Structure formats: structure tokens, C-alpha cells
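Per TrEMBL, the features are:
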- C:12-439: domain 'DUF112' (DOMAIN)
- C:52-74: transmembrane segment (TRANSMEM)
- C:104-124: transmembrane segment (TRANSMEM)
- C:157-176: transmembrane segment (TRANSMEM)
- C:196-218: transmembrane segment (TRANSMEM)
- C:327-348: transmembrane segment (TRANSMEM)
- C:354-377: transmembrane segment (TRANSMEM)
- C:389-406: transmembrane segment (TRANSMEM)
- C:464-487: transmembrane segment (TRANSMEM)
Amino acid sequence: MTGLFTKLGLAAGLALVTATSGLAQDLPKNLRVVIGSTSTGGDTYQAASFVADAISKHFGINAKVDAVGPTEAFKAIARDRRGTTIMIHHDQSYLGHLYGVKGYEDIFATYKIGPTLTINPGNAYLVPKKSPYQSISDVLDAAAEGTRVRVAIQPGGVSEIGFSALKNAAKIKKPGSEKNLVPVNTGSQADKDQLLFDGQADVINGSVQSNEQYTRLPEDDQKAMRFIWLTAAQETLDQVNEAGLGGTSREALLQYATPKSSVTLDGEKDFTFDKDFFIIYNKDIDPALVEAIDAGLKEIYAEGAIEKSMKDAFFVPHFMPSKEATTYLEKKRDDYRKVIEAIRE
Amino acid sequence: MNFTSFPRVSINFETSHLVFPTLISILLGILLLAILATRWRAIWGALTTGPHWPAGIDHLRFFGTIALTVLYFLAMPQIGDLFPNEGYGFLIASIPFLFLMSLLYLHQRTRRYIVITAVNAVIAPTVVWYMLSTVFNLTLP
Amino acid sequence: MDFLSLITPLFLVLILCGTMIGIIFGAIPGMTATMAVAVCLPLTYSLGLENGLALLLGLYVGGISGGLVPAILLNIPGTPASIATTFDGYPMTQRGEGESALKVAIFASLFGGLFSLVVLYLFAPALADFAIQFSYVEKFLIIFLALTVMAALSSSMLIGIFSGVLGILVSLIGAYDVSRGGNGEYRLMFDFMEPYLSSGFSLLPVLIGVFALSSILIEAEAGVPENAGARKIALDQGKKFHLSVFSGQWKNLFRSASIGTFVGLLPGVGGSAASIMSYSQAKAFSKNPRSFGKGNPAGIIASETSNNGLTGGALIPLLSLGIPGDATTAILIGAFTLQGIQVGPLFIGDNLEIWNAMIVAMLFANVCMFAIMYFAIRHIAKIVTVPKYILLPIILMMCVVGSYTINYGIMFDVWTLLIFGLFGYLAYHIGLEIAPFVIGFILGPSAEIYFLKSLESFGTVSIFFTKSWIAVVLWVLIAISIGLSVWMSRSGARHHDET
């Protein structure tokens, strides 16, 4: 019976401790930050840990990032109305829905959108260094002339949206030519790179971070690549450190982005895609909590330390409080919906 | 998958999720038929004669293990939900679970063994909880 | 020799700590090297890159090695890569040679780790260029080769293959993974299962379910007999370990270490394939293949040499292509990027100091791993003398912790443990084979993706034979592996008839 008493006593003691510590009515003492990625080496984890660390310090709480992946992350915040679990994800969360990927709902209807946090400006398209395509307009020209161009992407989201924009631009340039841009559906960055090495793709989706060193290899190396397009907006790239990344300066990166490398959205404006990271809450979360996090983040970003660490890691800080963020992301969603619908066969 | 001009095949990406499961299911079916064909006597014999449930098993310990495990799994998230993200669900549910399981498996339930069991039931989950939840900052139920 | 200034006492202490923590993580069923590295990753921000890497590499080497302990002593693979260690390790423990088996495994691990380190140091860029010759087609054939071991593992070839194919089918449940290039559509399940099974059953809970929970159920069914006297004798009675076990094993050591290193450097193929393949190759080339699976130290040597061979191998694509070779090195990338260091084809040339420091860290981690495990063995091996009424509930609790934490807190993974524990129990009674089932389950998703993507890219089945000379070599190995299984099962049947 001793065991029973010990355990009852322990349970009661624990209950008392938590009950009293829960009295302070701001942020939960233990905040679980779930992310829509299962990787702890990827950009989502990195972005989330910048923010979780800053929130932990600012509010004196323990915020912990759990890489549970999109399905489980959505489930976790759907269950938790108290706001002890929040989610950090990027544009995939609504692009997945636009592309009709299983497991993605309309986040604007099902959840509450929190503040935006940061942008990864690195989304890029590359060709082998020996490729005849010198720029993204060469690719569009080739498609218009009837050449089949194979583009390796991961379907159903962030990796596909640039490809959809390319098809859209090809259609505007010469209706019907978008059929010459064919997707090679694949998975990880390694798989996309491999398709380029094998000659099974002419263009691949990649990123400045993971592919920059390949662009510095000599041309006779089978692995050598060349950037032809960055999807980030000019304003975004302008905020990147001047040194850029690795051996490629900001100046050089800007050559591959709009307006110098242009992929049109509607014949006038250029298409851009900035990969935004933002918080997603349970629909019924206490508005006071949303306010508190907005206010806290505002102070954190004003202090500037987070800005430096983000920029060092090739992220662009981009804080917008919840309300503005919702409008901003809805606008983004509407733009991309148009692109995706325009090329739907 | 379209086999019209073998060995050339074309795969439609939209339905490609069914190709491999179909191939594997067919293979599994063939293997099942092969097993039935070669061993139908033994299988038929086992189905018609022998007892359907292994005889002479320890019903209390076997079903007790399953019942306690199910209860344990059900209780953990429920208790944990009372103290969000603290891992107490694991801690509070594990102590009685460990105690009862050990009690179930004990053959001589003397005072000495029960004390050992109880001490173990308190210490083991507490150490695990402390190490994982506090030191390594892992999420527990 | 500038990098020598990086090697401070702190650097060495961190490697030692990392290795120790890694071994503990690896030794707990369900906790893996990957998890050890993931939980310690945040610590590296404050440590700086070299010291952070020292800790993480220690964790990596320790975590991969620790898996051998429960595999040998409890028949539970501590990590997926140690599954083949159970085949011969546990029979040795049952014979009372647990301690000896552990020592064999530790020597083998050390050899595998050092071998792959030398390869990493001398040939990293060249091997990375070789690795990119492996397209979907060759990767499919590698997986296929690893799958052929199913036939050789079981007492009945037909039942073994059936169990393995069933494992593949179960692994396909859920979405056709978008992140690996699938279309994200669900298959093999009903709509109501969607919230739980959208990404299928996770590997680790399945693995420890069929190995650990099912054996607890089988014990419970037998009434959890305690036999303390017999156990004590068993621990002391077995053959003592002697280095002579390794004489005549040089070929096995080098072959297994090479397979481990090589599979490690192929992104996406995975560590479990390496140890399974080494095991089957060791069996295929052995003079006495029938003794495998009954406590032959050569089986442990094959498995453990190759899974430690992975450590150096998986770092090759990471450091010379910027592509992680396995799940653990995928997390290491985070350590680099957070410190603002780019990994890619120019990494080694641009960061010679870090590169050298990493090599030293790996070397020291392997030595620490060996020292810690070798001297702790006497105590570790005593785990089999803990009475079952204490041991079994604790194992069950640790399996729960492992299942829950492996994907950072998913309750369904805990239920998966129970589902597959019951499945393992039933399989035991109706005569299905667990090891082929698990191998099929582990390799199924890779087999699917590489098979389909090969056909999608090339549009013809004949590509599997005509892609490259590598494909032809792999077919030869596959033929040897299948031929051997058929021969063994034939002569086994004849042997059976005669008696």
C-alpha cells in the first residue's frame, strides 16, 4: 500500500504546483510549438526555433519546437483551444489546399492566422551549367518554339508554385506553349539534384542555400549548376545581407530575380513568391493570448537581435501582427489561386 | 500503369499511388495460394481439430497485460491534458501501471517483493520523466 | 595543423559526453541516434560550431552503437539499423554467451567506424561523384537486393517471402508520400482512418511492437516464469570471449564495413538496408551458411560492422554534396546552417579546419564508444539477471516513451506499438515470420518510390537491366542471393526428409 500512498501524494503535490503556477494570466508556462515539417534540419525548424527562443526569453516561458509534420501539427492545434499549442508553418499550409493535396484544409476558415515572422528568400530554379538556357526567358522562349522542357519539382506546394507561374507565363506568351513545360514530380532536394545530374530534368527547383556551392563548380563538373530564376520579390532580396550567401553576392542574386529575370503574372506585373513563415492558432483561441504574442513579438523585433540572427542565416525578418498578416496572406492566396486556376486543364 | 507495348510502360501520376500496392497485393495473393496449395493439409488439420485458442495459457497475466496496457494508453493523454506540456500524464499514469504490472507478474507476493515493486514503480518513471522532460526537453504525454 | 588549436579539453569532454549519451539513447528501445542528435541540436547554438559538432558526432557514433545492447541481450533492436544484430546476437545470449556477443559486436562496431572514417577522410569527394551515378534505377536494385534476404532468413522460404511481402504491403498504407515525390493520395485504408493513418504507421513503433511488446505478451501468456538460478548460471557458463573469434573474419569485416560505408553514402537508401545486406552477403559467402541465425558471431560482425560503417559513409554526401546520407546527418545540416556554414561540394576545401576537427572528433568518438562500452559490458550484461516482474514493465514503459517521442509527440504512435505487439503475438502463433515482415516494412516505401520513379523517368521496364554496368553488377548479386536461398531451402528440405 505504500506505493499507492506515495503516488497519491505525488499526484496531489504535482497538481498543486501546476495549479498555482498557472495563475499568471499571460502565456502558458510551457508552450508547444508544432511545425508543419518533420525535419529538424530544414528551414521551418530553423525559423520556428528563432521565434521560439525569442519568445521563451521575452516571456520567461519554455517554448519548445516539435517537428511533427503538417497533418499532426494541424491536429494538435485543432485539439487545443487553450493556446498551449501553436503552429508555425509557411505558404505550404494554404498552397497545399489550393493544389488539392490530401490532409490540407482551408486554413483561413479552419484556424486563426497569427503574425508573420520571417521570409526565406532562397526559392530558386537552376539548370546545368552547360545548359543552353541562359535565363528564365530562354526557357519560356524554348517552350514557345515547341521544345519540351522538363522541370523537377516536388508537387503540391511551395516547390510547384514557381513552376505553375512559369506555365502561366508561357500561356500568356503563347497560348498552348505551357504544355511544353512538363513537371518531373519528385521529392527531396537530393532527388531533384540527382535528376539534373542524370539528365532526366532540364530545370530543377532548388534553393540558394542548398545549391549555391554547385553554381561555383567548374563547368566540366557533372554537378555544376547555374541559377536562372529566384522567385523572391526585389524588396525582399534588397534586405538580404550585402555579402549574399557563400560566393554569391546580393548584387549577383538580384540578377536572377524580378525585374531583371521576369516571369509575368498577368502580362504587366511580374510573378513573385516569398516563402513566408507565420503562426497558426486554434480557431477559438483566447484573443488576449493572440494580442499578447503580437505585442511580445513586436517588442522582440524592435530590439533587433532576432533580425541579426535571421539575416546571418539568410532569412529576411518580416513581422506583421495577426490582423495585417491575415489580410496579407489572404491576398497572396488569392493571387496564387488565379495562377493555378489559369493553367488548370 | 499501361502495359500496351511491353516493355514500355507509362505511368499516370494521378493514379500512381495505386500501382505498387496493386502489384504487391497480386504478389501476396499468389504467395497465399502457393502456401495453401503446398500446405493445405496442415492448415485444414489445424483449423478442424486442434483448439482454436492455445491451451494452458496464463489467462490472468495475458489478458491482464493487455487490459492494463490499454488503460495506461487511454489514461496518459487524459491526465496529460490536465497539465499541458508538462509530461505529467506520462508520470502519473506510469507509476500505477508499473506497480500493477509488477504485481501481476510477481509469483510470491511477499511484503518484501511488494516494497521492491512499489519503490521501482515510483523511481523508474520519475527518473525517466525527469531526464527526458526536464533535461532533454522532450515532449511527453 | 591550425585545427589542432581547436582541440581543447572541452572539445574532448564534449565528444565523451556525446558518445555516452548517444549510447544510452541507442540502447533504449525506441530512442535512436537521430533523436539524440535532435534533442541536443539546440545546445550547439551556444557551443559554437566545432564544439557543437564534437557533441553531435559523439551522439551520432554512440547512438548508432548503443543499439546493439538490447538487440543482443533482449532481442529488441535498439535502432532499426541493429535489426540484423538480433538474428545471431540473441541466440548467443540464450546460450549464455551474451557478454561474449556484446564484445564481438563492440569490436566490430569499432572496426566499422574506423574503416568508414578512413574512407571518409581519403576518398570523400571521389565517392560523392560515384554516388551520383546511382539514379532511381540503381537505388531500386539496391533495395531489391536487400529484400532478397527475406527468403534466406526464414525456416520456410515460402512463408518468409509471404511475411516480407505482407510487410511491404502494410508499409504502403496511408498517403503516397509527397515529400518523396508521391502524389499524396491515400490507399489501402478506409476514410475513417484518415486522421490517424494519413502518413501510415511509423517505423519505430512497429519495430518495437513486433519485437518487444509481442515478446512481453508471449511471456505473459506463459505466466512470466522466473528462474533466477538458471539465469545466473547461464550468464557465467557460456564460452568466454576471445579475439580469435575474428580470425578468418577479415573478409567479412572488410566486406561489411564497405557495404555499410557505401550504402551510407547513397542518400535515401537508409541504414537498415546496410546491415541487412551485409548480413545476407556474409551468409552467402560463408562456408557454413546454415549456422547463421543460430548464434554465429559472424552474423553479429556483419551487422555491427556495417551499421557503424554508415557513420562515415553518411557524412560523405553531407560534406561533399550538402546532401544528408541518412536521417541523423539530415539534422547535422541544421547545426551547420545555424552557424552560417554552408555545406555543399565546396565545403571541404573552404573549411579545412572544421573538416579536420570533424575527422578528429569522429576518431575520438569511436575510441570513446569502444572504451565506454567495453568496460561497461560486465554491468550491462547483468540486465538479463534483473527479475522479469521488474524488467518487463520497465521495457514496456520505455517502448511507450520511445514511440511517443520518436515523432515528437504523437499518441497514435503509442497505439501503433500495441497494434503491432498484438500482430507480432498472433504472427508467432500462426507461424508468420517477424524478421522478413519488418524488413519488408522498412524497405517497402523506398522500393515503391524508386520502382515507380524509374518507370516514370525512363518509361520502360527494360531500363532495370540496361541502365548501367552498376545495374548489371547488382543483378548478379541479386541472382547469387536468390540462388543461395533456393539452394539452401532445397537441400534443407532433403535433409529434413532424410531424418
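First residue shown is number 1, and so on along the chain.
The backbone N, Cα and C atoms fix where each Cβ goes, glycine too.
Spatially, the transmembrane segment (C:52-74) is adjacent to the transmembrane segment (C:354-377); three or more Cβ-Cβ distances between them are under 8 Å for residues at least 6 apart in sequence.
Of the ranges C:196-218, C:354-377, C:464-487, the one with the most Cβ pairs under 8 Å to the transmembrane segment (C:157-176) is C:196-218. Between the transmembrane segment (C:196-218) and the transmembrane segment (C:389-406), three or more CB pairs separated by 6 or more residues in sequence fall under 8 Å, so the two stretches touch. The list of residues near the transmembrane segment (C:389-406) in space but at least 6 beyond its ends in sequence, with Cβ under 8 angstroms from a Cβ of it, reads 28-32, 35, 74, 76, 202, 204-205, 208-209, 212-213, 216, 219, 224, 226, 383, 413-414, 416-417. Nonlocal intrachain contacts for the transmembrane segment (C:104-124), taken as residues 6+ away from its ends with a CB within less than 8 angstroms of a stretch CB, comprise 61, 64-65, 68, 72, 85, 89, 241, 243, 245-246, 253-254, 256-258, 260-261, 264, 297, 300-301, 303-313, 315-316, 319-320, 348, 359, 362-363, 365-367, 369-370, 373-374, 377. In the predicted model, residues of the domain 'DUF112' (C:12-439) average a pLDDT of 89.
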